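Here is what Swiss-Prot says about this protein:
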BINDING   Glu31, Gly36  Ca(2+) binding site
BINDING   His54, His480  Fe(II)-heme a binding site
BINDING   His343, His392, His393  Cu cation binding site
BINDING   Tyr347  O2 binding site
BINDING   His470, Asp471  Mg(2+) binding site
BINDING   His478  heme a3 binding site
TRANSMEM  8-28  transmembrane segment
TRANSMEM  56-76  transmembrane segment
TRANSMEM  90-110  transmembrane segment
TRANSMEM  247-267  transmembrane segment
TRANSMEM  282-302  transmembrane segment
TRANSMEM  337-357  transmembrane segment
TRANSMEM  376-396  transmembrane segment
TRANSMEM  410-430  transmembrane segment
TRANSMEM  438-458  transmembrane segment
TRANSMEM  475-495  transmembrane segment
TRANSMEM  513-533  transmembrane segment
TRANSMEM  555-575  transmembrane segment
Amino acid sequence: MNHKRIALNYFYFSMWTGLSGAALATMIRLEMAYPGSPFFKGDSIKYLQVATAHGLIMVFFVVVPIFFGGFANFLIPYHVGSKDVAFPRLNSIGFWIQPLGFLLVAKIAFLRTTSWKYYDKTSFFLQPYNKSLYRDFFNFLTGELSFNPFKKSLDESLFLFLWKPRKKITNTEYTSFFFNPLNLSFLDSFFYYSDNLWSLANKVVSSRRKKIYVTKCSNRAAVTAGWTFITPFSSNMKYSGFGAQDVLSVAVVLAGISTTISLLTLITRRTLVAPGLRNRRVLIPFITISLLLTLRLLAIVTPILGAAVLMSLMDRHWQTSFFDFAYGGDPILFQHLFWFFGHPEVYILIIPSFGVANIVLPFYTMRRMSSKHHMIWAVYVMAYMGFVVWGHHMYLVGLDHRSRNIYSTITIMICLPATIKLVNWTLTLANAAIHVDLVFLFFCSYVFFFLTGGFTGMWLSHVGLNISVHDTFYVVAHFHLMLAGAAMMGAFTGLYYYYNTFFDVQYSKIFGFLHLVYYSAGIWTTFFPMFFLGFSGLPRRIHDFPAFFLGWHGLASCGHFLTLAGVCFFFFGIFDSTSENKSSILANFGIPKIAKRAHLYFFKISYNNYTNEIASELPKVEVRKFIIENTFGEYECVKLVPVTK
């Protein structure tokens, strides 16, 4: 239940989920590397399954656990002067719910897409028990709709409870979901011929049988709604049968429950802070300010998503009509609810990286952040303006021109606080004694990704351009540069900056540099060509494309493998640093290497005249043991006497 242990669990969990998401992305890029569906062999349902699972895993189970599970759990208690989170046991429960949701989403990518039977709102697998019945069933599939495939079994009602042993059918695609360890004929018939008792009851009471729908690629495994759960595809059994869509809905609800439980243990920091820090934001590190702000945003928008998904499930199974237009519902309402969650979620994923940048930049420029008050207010304005611009995701659903103009104007206005941040970063870098290190290079890469993603997003705020490129690869390139580029670069920057604090070892500079070069080059090579594909009008969510676009898609697939190489170097670096057990020193635990007189105000504690000589003379300590054995209040007792010359 220790908050540091739970934070490390979140980090390790995000690493494994990131690998699974990268594997799904590899399947997508192999499919799109060449025209003609070379990987999925024309199976469009499988492509939708993989793309949906990839999107949900990367958003809900990679980026969110890194920032709000890893960084927040580890750093916030120390930065506010608390020994632990408010509810440690609840915090542990919140983490262990995450793998359940992840496993449900990951299963979607591996569902079978052929030979399914859809039986109104009750689905089961159909397994004929002999070749003649299989031939009759094939005739039923090919057009004899009046034929009942269970007629022969009903005629043999003498064997209703004593079936003959089932024979294996060769040259078919049928498989078994049930396992009968004792090979009992009654259990065998009960599982594989579950319609017999129902058919017999129908025969007795002369009631009308339910309709049977059988297709080669039935909708039980279909996820036509995508990762956005768009209605009516997600709320109507006609488009997504009983199966995959319900699993996705339950997984998202579990992820929302886990996130809500975790943020409740951290958002109560006002009752845990040290005296004098309750209303003094300037005395709290910027990363903690950004994390606490985004936790508030999560507390607002996560219940909205959960309510929308639950209403969709009720439409599917309990015959309600929240999103059914035929019975007075509104399918557009779900999109409003989802994007009221979805657009603040974008800022929830990117704002913590602002905090990381504002922690890293003063450390490597040897000067204070330029205008910290303006940086704080810029982040607050950006976060709360994100609640009123969700409509720019919905220009194509039939919004009137007045609503479009309002959403477009406010979206453009969000560029102002983002510009304030970039200007302050530039002023901090101006005339600074910059110490170029691996973490600083990650910060520079993060800024370039954020600039490109922000500019392309600003262009999407224009209604005319958005309508033209909304369903093209332009949008794919934009949000991947923001998430896989800016958000993940911010996470890597913070991870390398706090590497000694988190893992008690020094990172490998060689593998870290290779990780930076290959990952950055791979992301640019993968997604920058997609801007040209989008301007050419190539639609997204389609698993095939004309040969005319082979060049750009081939380049994007090559870039993806560069990104995979960078991810491999990241794990090689972790293995190298932990296997060699490179000891960390207290100087890397948060004391800046300053070569000139400086004043570092850290919770009303003033440290003056710290030099490189003092930092190098600090004894080597076990940082993990130091953190666990000392609470934050005892840090004030640790005094380092400056060298007097």
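Cβ atoms here come from the backbone N, Cα and C positions, even for glycine.
Structure coloured by features recorded in Swiss-Prot.
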{"residue": "Glu31", "record": "Ca(2+) binding site", "DSSP (3 states)": "helix"}
{"residue": "Gly36", "record": "Ca(2+) binding site", "DSSP (3 states)": "coil"}
{"residue": "His343", "record": "Cu cation binding site", "DSSP (3 states)": "helix"}
{"residue": "His392", "record": "Cu cation binding site", "DSSP (3 states)": "helix"}
{"residue": "His470", "record": "Mg(2+) binding site", "DSSP (3 states)": "coil"}
{"residue": "His478", "record": "heme a3 binding site", "DSSP (3 states)": "helix"}
Do we see three or more Cβ pairs under 8 Å linking the transmembrane segment (555-575) and the transmembrane segment (8-28), pairs being at least 6 apart in sequence? yes
Given the binding-site residues His393, Asp471, His478, state which is nearest to Gly36 (Ca(2+) binding site) when distance is taken between Cα atoms. Asp471
Same-chain residues at least 6 beyond the ends of the transmembrane segment (337-357) whose Cβ lies under 8 Å from its Cβ atoms: 59, 63-64, 67-68, 71, 228-230, 285-291, 293-294, 297-298, 300-302, 304-305, 307-308, 375, 379, 382-383, 386-387, 389-394, 421, 425, 443, 446-447, 450, 479, 482-483, 486-487, 489-491, 493-494, 497
Among the binding-site residues listed here (Glu31, His343, His478), which has the Cα closest to the Cα of Asp471 (Mg(2+) binding site)? His478
Most CB pairs under 8 Å with the transmembrane segment (282-302): which of 8-28, 247-267, 475-495? 247-267
Nearest-integer angstrom distance between the alpha carbons (Cα) of His392 (Cu cation binding site) and His478 (heme a3 binding site): 14
Cβ atoms other than its own within 10 Å of the Cβ of His343 (Cu cation binding site), all chains, total 20
For Glu31 (Ca(2+) binding site) and His480 (Fe(II)-heme a binding site), what Cα-Cα distance in Å is obtained after rounding to a whole number? 18
Taking Glu31, Asp471 as the binding-site residues to compare, which has the smallest set of other Cβ atoms within 10 Å? Asp471
